[in-house]
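Trainee: The following block contains the structure, expressed as structure tokens.
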Amino acid sequence: MVKAVAVVRGDSNVKGTVIFEQESESAPTTITYDISGNDPNAKRGFHIHTFGDNTNGCTSAGPHFNPHGTTHGDRTAEVRHVGDLGNIETDAQGNAKGTVTDNLVKLIGPESVIGRTVVVHAGTDDLGKGGNEESLKTGNAGPRPACGVIGISQ
């Protein structure tokens with residue numbers, strides 16, 4: 001079992017943790033998130049970006065992690081970036097908590113996300129269905145108010 005965590009924060013009120021767990025390279029990865037400080041009753045883009053570099057804030061994390069060179073899509077879509085985790089949904093207080101299981105996100109092997117950055121976006125991810133070029137790259141999810149580098153944990 002490999003475990004990893006990202007402590008998410010930035011130049012906003014958005015903060016929280018994202019925990020990753022994977023049993024083996026062929027097993028799916030469980031992703032558990034607990035994020036606060038978002039707008040209430042909102043959907044916010046949630047992605048793994050390529051770099052673990054946050055020297056200039058979350059913009060230094062680069063584009064979505066996309067080792068297969070595909071277009072952007074929903075977490076459950078057949079064609080998507082590895083880093084496309086869709087949207088998190090907030091409650092009336094702006095908190096988002098949940099767990100998803102993902103077959104593309106890996107902690108083990110050459111496409112590991114360890115050392116990369118999780119980003120919570122300021123807008124809703126259109127899941128690649130926005131009808132423009134940017135939608136196929138970013139889902140038009142907007143600015144990056146909070147992020148955290150994924151690191152190995154106990």
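Including glycine, each Cβ sits where the backbone N, Cα and C put it.
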Trainee: Out of H64, H68, which does Swiss-Prot tie to the same Cu cation site as H47, H49, H121?
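Mentor: As annotated by Swiss-Prot, H47, H49, H121 share the Cu cation site with H64, chosen from H64, H68.
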Trainee: In the same chain, which residues outside the set H64, H72, H81, D84 have their CB within 8 A of the centroid of the CB atoms that define the Zn(2+) site?
Mentor: H47, F65, N66, T70, T71, G73, R80, V82, G83, G128, K137, T138, G139
Trainee: Residues sitting near the region 'Disordered' (125-144): Cβ under 8 Å, six or more positions beyond its termini, same chain?
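Mentor: Cβ under 8 Å, 6 or more out: 10, 43-47, 57-59, 61, 63-64, 71-74, 77, 80, 84, 86-87, 119.
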Trainee: For H81 (Zn(2+) binding site), what residues in its own chain, 6 or more apart in sequence, show a Cβ-Cβ distance under 8 Å?
Mentor: H47, H64, F65, N66, H68, T70, T71, H72, G73
